[in-house]
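*Asks:* Annotation comment: Swiss-Prot describes Asp55, Asp56, Cys93, Asp297, Asn298 as Ca(2+) binding site, evidence class similarity to another entry. Marked as compositional bias 'Acidic residues' by Swiss-Prot: 525-537. If you look up Swiss-Prot, you'll see Asn276, Asn288, Asn466, Asn496 marked as N-linked glycosylation site, on the strength of sequence analysis. Per Swiss-Prot, the feature 3-oxoalanine (Cys) maps to Cys93; the stated evidence is similarity to another entry. Taken from Swiss-Prot, the feature signal peptide applies to 1-23, supported by sequence analysis.
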Amino acid sequence: MHALSGFSLVSLLSLGYLSWDWAKPGLVADGPAEAEDQPSAAPPQPPHIIFILTDDQGYHDVGYHGSDIETPTLDRLAAEGVKLENYYIQPICTPSRSQLLTGRYQIHTGLQHSIIRPRQPNCLPLDQVTLPQKLQEAGYSTHMVGKWHLGFYRKECLPTRRGFDTFLGSLTGNVDYYTYDNCDGPGVCGFDLHEGESVAWGLSGQYSTMLYAQRASHILASHSPQKPLFLYVAFQAVHTPLQSPREYLYRYRTMGNVARRKYAAMVTCMDEAVRNITWALKRYGFYNNSVIIFSSDNGGQTFSGGSNWPLRGRKGTYWEGGVRGLGFVHSPLLKKKRRTSRALVHITDWYPTLVGLAGGTTSAADGLDGYDVWPAISEGRASPRTEILHNIDPLYNHARHGSLEGGFGIWNTAVQAAIRVGEWKLLTGDPGYGDWIPPQTLASFPGSWWNLERMASIRQAVWLFNISADPYEREDLADQRPDVVRTLLARLADYNRTAIPVRYPAANPRAHPDFNGGAWGPWASDEDEEEEDEEEEGRARSFPRGRRKKKCKICKLRSFFRKLNTRLMSHRI
């Protein structure tokens, strides 16, 4: 005890000498935070796949990008693996998750607009074969821990019906980290933590980052390394609300900005969670035949403590700060390690890449927009991807200065869209707030937040950048290169011809948690689904003679909420 004199428990935690995972009996056995690497041997096939997804982590919010936030585990794993420095995701939650699990752009799943909200009768289309389903076909055990956010209005939409053997996590977009409550408007609140298809009331009170890491470790402890495993860990961190255990806040006590301080503490806690999962992989015999993929889901929300510096924009925008992702691959199976890859990679690419690693196959009939990029990542070959459709959102067409004439008669530039072809990036419509927010503006709150470098022109609806030469999007070349603008507008039009209609239904009052025992969960039946389909068809064409819509109070409420969605909810993320 004398050796510890002058030190407090908090100071030990702040220095990283204690770990909440293996410090608790029965979760992970006592031992060092990093186990020794196991002797190399010819790995069996196929490999174990661990996909770790973080929520709202900014491009600048990792140590190896020069952040003031401590992420020693992520820094080490990235340094020993392959850093993906030309990696793209989507600007908000649902689209990134849908593209990860389907390998398809939003325009091919009907999820082009916004996110799936708790009261919407909507989910990842049931006709889509998901990544975990393909891995199950290849003989994998599949497990998910964390945030789903792909819809749940019917039981068929739940993770355990979409390819996962087990699930522990939340179904909605953001919950309290301790109580797991989530509100979708004033007075519309419910509990959202689920174990399989049941509400996990008994787990309330445990900080979600720790709970999810502990569950991941339990899965590894109870699973045989001889059977291939797919473990998808979708942390809630570091999405709002900004909540962190006190011991992590203490580490950043000198940060002047309260939001940044809480955010930094959450990132470091998440980093330690990744450390504990990695340690469990080594302890239970998975590591030598494993592939660990780390990815953010969208850009950081700068007004909630995140930073995307030196990139332009933030979460919810199509500037680089909204769509450039944090990503790396760590694996003993990599042929060329300890390097940075500039190969163009998009989140849709993980579907065919991981199916290929698993020994499965994909074909043109699958309609995938992703590519198998494993040779580019593992061996340093050229990426098969040369372009990315960031999105086309036909419902978001409010740019005042956009028009079909402004798009050379090829494209209505009022429509929000963004595309990358080779080194060129084109944006139309309203891409979102395009500020550059350097880290020094985060020193205090709220005054210095507004001391930003604002984008110079707002009276336009077309932007063109050479991303290879200008990754920070400072020099708009649209006026200088109308030939390139025409080419990319035509490419947008080509993509748009393959798009399916947007599915963004109005909120359904029956989804209220009060009708489901106080918890968010499935509420619709097959009859409800038929009625929804009937309403969708009715908006596109007149009903045939002799067929009449049901008259009901709920239908009138749906009409009201649909109008409300159009005016207000389309602007929220």
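Just so it is clear, glycine is given a Cβ too, placed from its N, Cα and C backbone atoms.
Remember, it's a predicted structure, so these values are computed and weren't measured experimentally.
Mind running through what each feature is packed against?
*Replies:* In three-state terms derived from DSSP, Cys93 (Ca(2+) binding site) belongs to a helical segment. Counted within 10 Å of its Cβ, the other Cβ atoms near Cys93 (Ca(2+) binding site) come to 26, all protein chains included.
The Cβ neighbour count for Asn276 (N-linked glycosylation site), using a 10 Å radius and every protein chain shown, is 22.
Summarising the environment of Asn288 (N-linked glycosylation site), the number of other Cβ atoms within 10 Å of its Cβ, over all protein chains shown, is 21.
In the three-state DSSP classification, Asn466 (N-linked glycosylation site) falls within a strand.
Counted within 10 Å of its Cβ, the other Cβ atoms near Asn496 (N-linked glycosylation site) come to 16, all protein chains included.
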*Asks:* Indicate whether Asn496 (N-linked glycosylation site) is helix, strand or coil by DSSP.
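*Replies:* Helix, per DSSP.
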*Asks:* Between Asn298 (Ca(2+) binding site) and Asn466 (N-linked glycosylation site), find the distance joining the two CA atoms and give it rounded to the nearest Å.
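*Replies:* Each residue's Cα considered, Asn298 (Ca(2+) binding site) and Asn466 (N-linked glycosylation site) end up 21 Å apart.
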*Asks:* When a 10 Å sphere is centred on the Cβ of Asn466 (N-linked glycosylation site), how many other Cβ atoms does it contain?
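*Replies:* So the Cβ neighbour count for Asn466 (N-linked glycosylation site) comes to 16.
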*Asks:* List only the single closest residue to Asp56 (Ca(2+) binding site), chosen from the glycosylation sites Asn276, Asn288, Asn466, Asn496 by CA-CA distance.
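*Replies:* For Asp56 (Ca(2+) binding site), the closest Cα among Asn276, Asn288, Asn466, Asn496 is found at Asn276.
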*Asks:* With Asn288 (N-linked glycosylation site) as the reference Cα, tell me which of the recorded positions Asp55, Asn276, Asp297, Asn466 is the closest one.
*Replies:* Asn276
